[in-house]
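The annotation transmembrane segment is assigned in Swiss-Prot to 10-30, 32-52, 63-83, 92-112, 152-172 on the grounds of sequence analysis.
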Amino acid sequence: MDLLGPIHDILVIFLGSVLILGGLGVVLLNNLIYSAFSLGWVLFCISLFYISSNSYFVAAAQLLIYVGAINVLIIFAVMFISGSEYSNDSHLWTVGDGVTSVVCTSIFFSLITTIPDTSWYGIIWTTRSNQIIEQDLISNVQQIGIHLSTNFYLPFELISIILLISLIGAITMARQ
(Lines of atoms letter the chains of each structure in order from A and count residues from 1; the text may use other names and numbers.)
(Lines give C-alpha, C1' and ligand atoms only; values in the text may rest on other atoms or scores of the structure.)
Protein backbone atom coordinates (compact mmCIF):
# COMPACT_ATOMS: atom_id res chain seq x y z
CA MET A 1 0.00 0.00 0.00
CA ASP A 2 1.30 3.40 -0.84
CA LEU A 3 0.53 5.30 2.36
CA LEU A 4 2.18 8.30 3.91
CA GLY A 5 4.80 7.65 6.59
CA PRO A 6 2.78 8.52 9.73
CA ILE A 7 -0.35 6.73 8.48
CA HIS A 8 1.71 3.65 7.64
CA ASP A 9 3.33 3.72 11.09
CA ILE A 10 -0.05 4.04 12.84
CA LEU A 11 -1.42 1.16 10.75
CA VAL A 12 1.56 -1.05 11.60
CA ILE A 13 1.24 -0.26 15.32
CA PHE A 14 -2.50 -0.97 15.23
CA LEU A 15 -2.02 -4.25 13.34
CA GLY A 16 0.76 -5.26 15.72
CA SER A 17 -1.40 -4.66 18.77
CA VAL A 18 -4.32 -6.57 17.23
CA LEU A 19 -1.89 -9.37 16.34
CA ILE A 20 -0.60 -9.55 19.92
CA LEU A 21 -4.16 -9.59 21.31
CA GLY A 22 -5.11 -12.35 18.88
CA GLY A 23 -2.04 -14.36 19.84
CA LEU A 24 -2.93 -14.00 23.50
CA GLY A 25 -6.43 -15.16 22.63
CA VAL A 26 -5.01 -18.28 20.98
CA VAL A 27 -3.04 -19.15 24.09
CA LEU A 28 -5.32 -17.98 26.89
CA LEU A 29 -8.87 -18.79 25.76
CA ASN A 30 -10.26 -21.94 27.34
CA ASN A 31 -12.73 -22.76 24.57
CA LEU A 32 -10.90 -24.46 21.69
CA ILE A 33 -13.26 -23.08 19.05
CA TYR A 34 -12.64 -19.50 20.21
CA SER A 35 -8.92 -20.22 20.25
CA ALA A 36 -9.06 -21.56 16.67
CA PHE A 37 -11.00 -18.50 15.50
CA SER A 38 -8.46 -16.30 17.24
CA LEU A 39 -5.74 -18.14 15.31
CA GLY A 40 -7.62 -17.35 12.09
CA TRP A 41 -7.71 -13.70 13.11
CA VAL A 42 -3.95 -13.74 13.77
CA LEU A 43 -3.25 -15.26 10.36
CA PHE A 44 -5.52 -12.67 8.73
CA CYS A 45 -3.63 -9.84 10.46
CA ILE A 46 -0.35 -11.28 9.23
CA SER A 47 -1.69 -11.11 5.68
CA LEU A 48 -2.57 -7.45 6.29
CA PHE A 49 1.07 -6.88 7.27
CA TYR A 50 2.10 -8.36 3.93
CA ILE A 51 -0.33 -6.07 2.13
CA SER A 52 1.06 -3.03 3.95
CA SER A 53 4.57 -3.98 2.79
CA ASN A 54 3.47 -4.30 -0.87
CA SER A 55 3.77 -8.10 -0.94
CA TYR A 56 0.39 -8.86 -2.45
CA PHE A 57 1.25 -12.36 -3.66
CA VAL A 58 2.46 -13.46 -0.22
CA ALA A 59 -0.67 -11.92 1.35
CA ALA A 60 -2.93 -13.81 -1.04
CA ALA A 61 -1.04 -17.04 -0.38
CA GLN A 62 -1.33 -16.42 3.38
CA LEU A 63 -5.08 -15.93 3.10
CA LEU A 64 -5.67 -18.91 0.85
CA ILE A 65 -3.36 -21.43 2.48
CA TYR A 66 -3.34 -20.60 6.16
CA VAL A 67 -6.65 -18.84 6.80
CA GLY A 68 -8.60 -20.72 4.18
CA ALA A 69 -7.21 -24.22 4.52
CA ILE A 70 -5.14 -24.76 7.65
CA ASN A 71 -7.43 -22.84 10.01
CA VAL A 72 -10.51 -24.59 8.61
CA LEU A 73 -8.73 -27.93 9.11
CA ILE A 74 -7.88 -27.02 12.71
CA ILE A 75 -11.47 -25.94 13.44
CA PHE A 76 -12.72 -29.16 11.83
CA ALA A 77 -10.37 -31.24 14.01
CA VAL A 78 -11.33 -29.29 17.14
CA MET A 79 -15.01 -29.94 16.48
CA PHE A 80 -14.36 -33.69 16.63
CA ILE A 81 -12.66 -33.52 20.02
CA SER A 82 -15.12 -34.28 22.78
CA GLY A 83 -15.02 -31.85 25.67
CA SER A 84 -15.13 -34.49 28.41
CA GLU A 85 -11.75 -36.01 27.51
CA TYR A 86 -9.80 -32.80 27.82
CA SER A 87 -11.69 -31.05 30.60
CA ASN A 88 -9.73 -32.36 33.56
CA ASP A 89 -9.38 -29.89 36.39
CA SER A 90 -5.76 -30.60 37.28
CA HIS A 91 -3.74 -27.41 37.03
CA LEU A 92 -0.44 -29.02 38.00
CA TRP A 93 2.58 -28.61 35.80
CA THR A 94 4.09 -31.75 34.42
CA VAL A 95 7.61 -32.42 33.21
CA GLY A 96 6.44 -31.96 29.61
CA ASP A 97 5.05 -28.52 30.41
CA GLY A 98 8.35 -27.48 31.95
CA VAL A 99 10.40 -28.80 29.04
CA THR A 100 8.07 -27.12 26.56
CA SER A 101 8.27 -23.78 28.34
CA VAL A 102 12.08 -23.96 28.50
CA VAL A 103 12.31 -24.81 24.78
CA CYS A 104 9.87 -22.06 23.79
CA THR A 105 11.61 -19.49 25.98
CA SER A 106 15.01 -20.38 24.53
CA ILE A 107 13.65 -20.13 20.97
CA PHE A 108 12.09 -16.77 21.82
CA PHE A 109 15.32 -15.34 23.23
CA SER A 110 17.38 -16.72 20.35
CA LEU A 111 15.02 -15.02 17.90
CA ILE A 112 15.20 -11.76 19.84
CA THR A 113 19.00 -11.83 19.67
CA THR A 114 19.20 -13.06 16.06
CA ILE A 115 16.72 -10.75 14.34
CA PRO A 116 18.63 -7.47 14.94
CA ASP A 117 21.86 -9.04 13.63
CA THR A 118 20.30 -10.37 10.42
CA SER A 119 21.22 -8.67 7.16
CA TRP A 120 17.98 -7.97 5.37
CA TYR A 121 19.63 -7.25 2.02
CA GLY A 122 17.24 -9.31 -0.11
CA ILE A 123 14.03 -7.80 1.18
CA ILE A 124 12.40 -5.07 -0.87
CA TRP A 125 11.86 -1.98 1.26
CA THR A 126 9.81 1.05 0.29
CA THR A 127 11.21 4.48 0.90
CA ARG A 128 9.33 7.58 2.08
CA SER A 129 8.82 8.64 -1.52
CA ASN A 130 7.16 5.28 -2.23
CA GLN A 131 9.85 4.17 -4.65
CA ILE A 132 10.66 0.46 -4.63
CA ILE A 133 14.33 -0.29 -4.20
CA GLU A 134 15.40 -3.35 -6.21
CA GLN A 135 18.78 -4.62 -7.25
CA ASP A 136 17.55 -6.47 -10.31
CA LEU A 137 14.40 -6.27 -12.38
CA ILE A 138 12.75 -9.60 -11.66
CA SER A 139 9.28 -9.91 -10.22
CA ASN A 140 8.44 -10.38 -6.56
CA VAL A 141 7.29 -13.97 -7.11
CA GLN A 142 10.62 -14.87 -8.71
CA GLN A 143 12.49 -13.20 -5.85
CA ILE A 144 10.47 -15.21 -3.32
CA GLY A 145 11.30 -18.43 -5.15
CA ILE A 146 14.98 -17.60 -5.43
CA HIS A 147 15.29 -16.66 -1.76
CA LEU A 148 13.32 -19.70 -0.57
CA SER A 149 15.55 -22.06 -2.56
CA THR A 150 18.87 -20.37 -1.70
CA ASN A 151 19.09 -18.07 1.33
CA PHE A 152 16.08 -19.28 3.31
CA TYR A 153 16.21 -22.99 2.48
CA LEU A 154 16.80 -24.21 6.04
CA PRO A 155 14.10 -22.02 7.70
CA PHE A 156 11.66 -23.00 4.94
CA GLU A 157 12.29 -26.69 5.58
CA LEU A 158 12.04 -26.24 9.35
CA ILE A 159 8.68 -24.49 8.98
CA SER A 160 7.41 -27.30 6.77
CA ILE A 161 8.50 -29.87 9.37
CA ILE A 162 6.76 -27.90 12.14
CA LEU A 163 3.56 -27.74 10.07
CA LEU A 164 3.76 -31.47 9.37
CA ILE A 165 4.19 -32.26 13.07
CA SER A 166 1.26 -30.02 14.03
CA LEU A 167 -0.99 -31.66 11.44
CA ILE A 168 0.00 -35.14 12.62
CA GLY A 169 -0.73 -34.06 16.20
CA ALA A 170 -4.13 -32.65 15.21
CA ILE A 171 -5.02 -35.87 13.39
CA THR A 172 -3.87 -37.97 16.35
CA MET A 173 -5.95 -35.89 18.76
CA ALA A 174 -8.97 -36.12 16.48
CA ARG A 175 -8.73 -39.92 16.28
CA GLN A 176 -8.56 -40.32 20.04
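Any Cβ shown, glycine's included, is placed from N, Cα and C.
Sequence-distant contacts of the transmembrane segment (152-172) (same chain, six or more residues past either end, CB-CB distance under 8 Å): 70, 73-74, 77.
Among residues of the same chain six or more beyond the transmembrane segment (63-83), those with a C-beta under 8 A of the stretch's C-beta atoms are 32-33, 36-37, 39-40, 43-44, 46-47, 163, 167, 170-171, 173-174.
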